[in-house]
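Novice: Structure in structure tokens, see below.
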Amino acid sequence: MKKNEKANISASYNDLIATICNPRISDVGTYRIESVVGEGSFGKVYLAAHLLTNTKVVLKSSCRKQAIILAREIHHHRRLLHPNITRLYEVVCTEDRIYLAMEYCPNGELYDWVAREKRLDEKTTCRIMWQLCCAIQYLHRQGCVHRDLKLENIFLDKAYNVKLGDFGFSRDSDCSRRTFMNTRCGTVAYCAPELVQGHKYIGECVDIWSLGIIMYALLIGRLPFDEDDVSLTEQKIINECPQYPETLSKNSSSLLKSLLCKDYRLRPSIDQIISHPYFKENGYHSSSIRDPRPSSKAEEKVRKRLEFVGVDMDQLNASISQQRCDMFYGWWLLLLEKEMRKENKKKKGLFHLHKGSSSAVHIAPATPSLKTAQVSVMSNNQDSLKSRHTSSDSSNSLLSTFRSWLFDPKQKHTADTLSSSAIRPRTPSPSAENYLTQENFDSDNLSESLDNSVENLTVFPSINSFGRRHSNLPQTTHVDTGEQNTPFTPPLLKTVNLDGNKDFTFPSNSQNSPSKSSNLSINIDIPPSPLQNTVISPQPTRRSRTPIRSLSGRSSVASSRNSSRTRSYSNVSSASSNSLISIISSKPSSSTVQRQTPFHSPFERLHKSFHFPSGEPFNTRINATAIFTVGSGRKNPQSSSSLMFNQSSVKEEEEPEETSFSDSSKHFTDLL
């Protein structure tokens, strides 16, 4: 017995040494690194997951020597909250590295999509350009210009929605003041003529020109000005006009010509672009643009959940108001995004949950005031067994419990749950543990079923038989097969217990019962009344997305990567940016006295015994210094402004004369 104990101690000791000596990074702050998705001279780009919300993010790693360069990007990026702009969640500083946790876009760059497709149809191009114009309009109204718009800096999320990124060249600009700039930056093939000539330029006009280059590449499949020789490319930008194929529609050709006008004074403003007939004929109107700010209801829900798990609300409020990009601010944004997705799905009226080969349950709210919940009805016994087996895994028990606290504050959690070595699956309600332990875990659907208790279950048929509702019967369940309307009592029933008191039953093996592969449309109402009106429709409702065809050929857009380009940056004018530079450029103290790790009392009850799938313990104390800085307040410029400028009324703002162009690095721009 003693020999076995010594052997276990020795093995544990060796594992500890191997973990400490392993040069590979496994965790950065509250993020678990999964893989490397990019690499350049600035550092590596990792795919990671937030440990407490299980949300995938991108970690951009940079050296501390580039703190001044990163300060500009962080300063502008952290205050941009728009559905078509990549989100900056958190900035984690270690002894020698700086990590930026940003939104993950699984479908990569728009450049790669255009290279595969060669060119896009006008309908798809219109949708992409509309989303991109909405992002640019928001950016300009925030008093900021991008100055490096290109296909490589536009990313696509899971649904192929546009996400604008890479704000390394961004600069404060006020449309009402009509500020001139003189720093040469960006990518040559996307640069405006006045910038290439070395003249002073207006940042908004440069962004409009770049929009025209992007639209040209989407419709035609190549860049209008792109040569291997940089000087030849510049000469074409200044002297030549792009060729417009006759296949283009009248409105698209009209918009392209206005965007690629050589005279910046004749280019339209972003508000005029959004009102162009090209978008109106495709069903996009400026009146349909919604306020990107999250609703107060979603914010209140997230605050209550964070307060429930013990977060210091004073510190959280300070992080939000000052946009510190620390651990609390990142946690807040991740949960707020989940809540916003939940509200958007509620507005559509249908929820979809797919679990392998089991029957999916679609829940349609009867009225907006009624609560809704999400239930998974599994007709496959193997799926059920796998789910139970996974939920009993002791390595995930405490993390699952914490997530259920976070997403379901109304759920009662006893002290037995903490002390148990495994979380037992509970059937009375669809809690967070059951969703977390399923094989095909969908974090977007997790929060759909939270904060809801189910008392009354009403099943509605699909659209074809929506008007066929039965009268209220207290004891008999009716099944609508589309052919008959008679009471049906099957001998074999499956039971889904929703609240511990009332069961919903339907036939498991019957000729009149729906097949195992069909989807059921269910509406769950929660008034204080008994079980009523059960109608089952066997008609499947499945979502499908046509995959993008893969082409072996490659567009001439790829040639833009061959030219050599460099970058330069002007001084950061904002006071908050100067403070930011001093923070992230300062090195940790080299004093002999060991600096005590800051401890946050809100996590006292959680930080000792977290365990994850790999078996490695996790301490929720902050293990990396985050940036704390106060963003200076600024007034938003006038929203209605035209870039038809008068030279005599323009105020010039001097910048140090520098010449720099960016290279077309993959996923994130290579900082030189």
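Glycine too: its Cβ is placed from the backbone N, Cα and C atoms.
Note that this is a predicted model, so its numbers are computed, not measured.
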Novice: Quick check on the record annotations: which of Ser173, Ser231, Ser287, Ser443 is tagged phosphoserine by Swiss-Prot?
Specialist: Ser231
Novice: Which stretch, out of 290-310, 416-436, 605-625, is listed as region 'Disordered' by Swiss-Prot?
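Specialist: It is 416-436 that Swiss-Prot describes as region 'Disordered'.
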Novice: Please report the Cα separation of Glu39 (ATP binding site) and Ser231 (phosphoserine) in Å, rounded to an integer.
Specialist: 29
Novice: Tell me the coarse DSSP state (helix, strand, coil) of Asp148 (active site, proton acceptor).
Specialist: coil
Novice: Please give me the CB contact count at 10 A for Val45 (ATP binding site), counting all chains in the structure.
Specialist: 19
Novice: Give the distance between the Cα atoms of Gly43 (ATP binding site) and Asp148 (active site, proton acceptor), rounded to the nearest whole Å.
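Specialist: Asp148 (active site, proton acceptor) has its Cα 20 Å from the Cα of Gly43 (ATP binding site).
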Novice: Quick one: average pLDDT across the domain 'Protein kinase' (31-279), no decimals.
Specialist: 92
Novice: Which of the three DSSP-derived classes (helix, strand, coil) applies to Val45 (ATP binding site)?
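Specialist: Looking at the DSSP assignment, Val45 (ATP binding site) belongs to a strand.
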